[in-house]
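In what follows, a structure is listed as C-alpha cells, so that the remarks can point back to it.
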Amino acid sequence: MKTIINPPYSDWEKYAKRPAFPAEDLEEKVASVLEKVRLEGDSALKNFTLAFDKVNVENIKVSSSEIEIACAEVSTELKDAIAIAVNNIKVFHESQQINEAIVETISGVECWRKSVAIEKVGLYIPGGSAPLFSTILMLGIPAKIAGCKKIILCTPPDENGKINPAILFTATFLGIEEIYKVGGAQAIGAMAFGTETVPKVDKIFGPGNQYVTKAKELVQKTGIAIDLPAGPSEVLVIADSSADADFVAADLLSQTEHGADSQVVLLSNSAELMEEVKVSLNNQLQLLPRASVAEKALENSFFVLLNTINECVDFSNLYAPEHLILAIDNAELFAGKIKNAGSVFLGNYSCESAGDYASGTNHTLPTNGYAKSYSGVSLDSFVKKITFQKITKKGIQNIGKTIEIMAEAEQLLAHKNAVSIRLKKLQDEK
Ligand SMILES: NC(=O)c1ccc[n+]([C@@H]2O[C@H](COP(=O)([O-])OP(=O)(O)OC[C@H]3O[C@@H](n4cnc5c(N)ncnc54)[C@H](O)[C@@H]3O)[C@@H](O)[C@H]2O)c1
Ligand SMILES: N[C@H](CO)Cc1c[nH]c[nH+]1
Ligand SMILES: [Zn+2]
C-alpha cells in the first residue's frame, strides 16, 4: 500500500486512477465469444462453460426440482435475513415511483411524461469468485416494482455444474423463475442475441468481471441497452481524527475481498489516524479467509495525506469513487460538496457493507470513475419515460405561429406546413 504525502494539486490527476489489468487481447477475445454465441447459440454456451468454468452443463436452464432442492438447503436464519433486506430495498425503491403532473405549457397545450416498464430484462449475477445473491435483490426488486414482464437471470455454474442455493432461493423469493447456468461474456451474448434456450432481452443489467463488463460494452453497440459500467468494486474513505481507525480499516478491507483488481483509498488530514489504520489493517487482514485476494487488492490501493478535509473532498470528486465513506466530523456538511460518487455513507456507523446488503440503497454502482456521469441502478433503470402531448384547437392557434417561424428559419417547410394546414382549416371554419 502506497502512501502519498501532500501531493501538489497538479499531481492529483496522476494518482486518482484505477489499476488496469486487462486480460491480453480482451476486446478481441470477448468479441469472438460473442460472435460464436450469436452464430452457434446453446452449443457455444456449453463449449465456453466447459472452457472457462471447467464444467459440462447439459441443461442450461435450471429445473424446478433443482430450485426446490436448493430452497430447502438454505437456512432459516439466511432466509429471514434476506426477507428483512428485501423489505428495506423494496421500501427505498418504491419511494422512487413518481407520478409526474400534466403540465399546461401554454393555454391549450398539455404535456406529460409516463414511466413504462422495459418489457424483457436480463439480470447477470456474478458467481466467479463469490455467489453474489445480494445482487439479485438489487436488480430483481426494482425490475418487479417497475413491472417488467419478463425477467431472466444468468449466473455461472460451480465446478459441479450447480448454482449456489442462496442464488436460487433469492431469485425464487422474488418470483424470478427463468434462471440459466451460464456466466461471463457468453451469458451477456446469450441475453443480447438469444439462443435456443436463453431468450433475447431488451436490456442487460448487472456487475461482473472484465469479461462481463467488456461484453456489455460490445453488445451495446448492437442495439441492446445496458445498465452501466459496473466493474471491480472500490471504496474511498475520507477520515479525520474523529474516525475509529479499526472501523476505517474494516471498511477498506471489505471491498478488497471482492477481487485482486479491486481498489481501496484512504484520504485523511491526520497522519496519526493514517498510521493507526495501517496497523489495524494488517491485524485484521490476518483474520480474513480471503486474505490473499485482499492483499493483492491492497497492492493496487493507496493512502493520501492532505492538508484539509476540503482538499480530501476535492480529491474524491476527481477520483469519483463507487462508494464514498465520510468518517469525519460534520459529515452532513461535507456531503453537500460531493459531486462525483456512486453512493455515500455518512458517519462512523454507516459501513459500506450496509449498502451492499440491506440498508435499502442499490449496490450496483458505477466504478472506474464512471460515477462522474452515471448513476447506480434504480427504479428508473427499468423504465422508459415516454412523453405525451395533447394540443387543442386553441393550443395550435396559440403556438402555431411560433412553430411556423422556427421551421421556416430551419428551412424545413414541410414542418411549417403541418401547422399552417391546421391553422388554415381553423380560419376557414370561422
Ligand atoms: N460495481 C458493482 O456494482 C459490483 C457489484 C458486485 C460485484 N462487482 C464486481 O463484480 C466482479 C465479479 O467478478 P467474478 O469474476 O467474481 O464473477 P463473474 O460472474 O463476473 O465472472 C465469472 C465468469 O467469467 C468468465 N471467465 C473467467 N475467466 C475467464 C477467461 N480467462 N476468459 C474468458 N472468460 C472468463 C467465466 O465464464 C466465469 O463464469 C468483481 O470484480 C466484483 O468486484 C461489482
Ligand atoms: N460491494 C459490491 C458492489 O461494489 C456489492 C456486494 C455484493 N456482495 C457484497 N458486496
Ligand atoms: Zn461488497
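Quick reminder: no glycine exception, Cβ is built from N, Cα and C everywhere.
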Name the one residue among S233, S292, S381 that TrEMBL lists for the same substrate site as Q255, H258, H323, D356, E410, H415.
S233
With the cut-off set at 10 Å between Cβ atoms, which of these binding-site residues ends up with the most neighbours? Options: Q186, N209.
Q186
Of the residues named as NAD(+) binders, Y124, Q186, N209, how far apart in Å are the Cα atoms of the most distant pair?
13
Just checking: which of the binding-site residues Y124, S233, D356, H415 have a C-beta under 6 Å from ligand 1?
S233
Under 8 Å by Cβ from S233 (substrate binding site), same chain, sequence gap 6 or more
Q255, H258, G259, S262, E322, H323, T367
In the three-state DSSP scheme, N209 (NAD(+) binding site) belongs to coil
Any idea which of the binding-site residues H258, H323, H415 has the thinnest Cβ neighbourhood at 10 Å?
H415
